[in-house]
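> Take a look at the following structure, please.
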């Protein structure tokens with residue numbers, strides 16, 4: 001049986017693992033097979049009772065053949081089964097590791113350590129952001145200095161910091177904040193003043209608009225022309241009035257209106273006077 005398989009030179013191996021891996025077939029022709037095929041004629045038929053069996057590669061092998069072949073399987077099938085077994089063991093270990101709580105216990109200290117570090121950093125940031133506490137004497141002295149000079153040069157900063165037992169940076173920050181507060185207060189005062197000016201100008205604008213509307217109404221009304229003063233009148237002197245004759249009116253003799261053209265009136269009065277002189281008798 002074994003010799004017949006060696007002559008045939010075909011080794012069929014089917015490895016079945018626990019994980020039902022796909023069928024693996026190893027067809028390796030040997031040199032003896034090529035020699036035997038060269039010796040045999042092509043029209044020769046094989047005896048089915050002989051030791052040499054026909055193997056149809058395209059058909060699925062029977063159970064008996066599989067059982068016989070598994071006993072003489074190639075080393076590749078052994079290696080594949082070993083690899084599949086290791087793979088199953090590895091999967092089982094990984095599955096138990098995921099479900100266990102040991103990993104969570106190992107991560108927890110790291111998280112706690114990271115939280116502790118962040119808490120320490122936050123505490124350090126809070127201490128660095130603490131406000132400067134000044135005494136009443138220090139505040140009063142700084143206010144007096146600010147009234148004299150709202151800005152300081154480096155020498156003045158060092159001298160003031162040494163005198164008040166502070167650092168130059170603290171003095172500089174205090175002056176910056178004080179200037180900012182002063183500017184803010186001045187801005188608020190200017191804003192209030194501008195608001196009052198705007199309100200006053202708004203009222204004045206409303207008053208002027210009202211007066212302009214009243215003037216337009218009077219200009220368009222017809223009574224405006226009736227209330228106008230009469231045109232210019234001439235006043236005659238008493239002597240001319242006596243020469244001209246008695247007035248038809250008994251009152252307002254001194255304010256009798258005459259013609260608008262003064263030259264015509266004067267010419268008539270002169271001519272009238274000359275007539276009287278001509279009629280006067282000569283002595």
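Cβ atoms are placed via backbone N, Cα and C, with glycine included.
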> May I ask you to indicate which of 40-61, 150-171, 172-193, 194-215 is given in Swiss-Prot as region 'Leucine-zipper'?
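In Swiss-Prot, residues 194-215 carry the label region 'Leucine-zipper'.
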> List the helix, strand and coil residue totals of the region 'Leucine-zipper' (194-215) as derived from DSSP.
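Result for the region 'Leucine-zipper' (194-215), in helix, strand, coil order: 22 helix, 0 strand, 0 coil.
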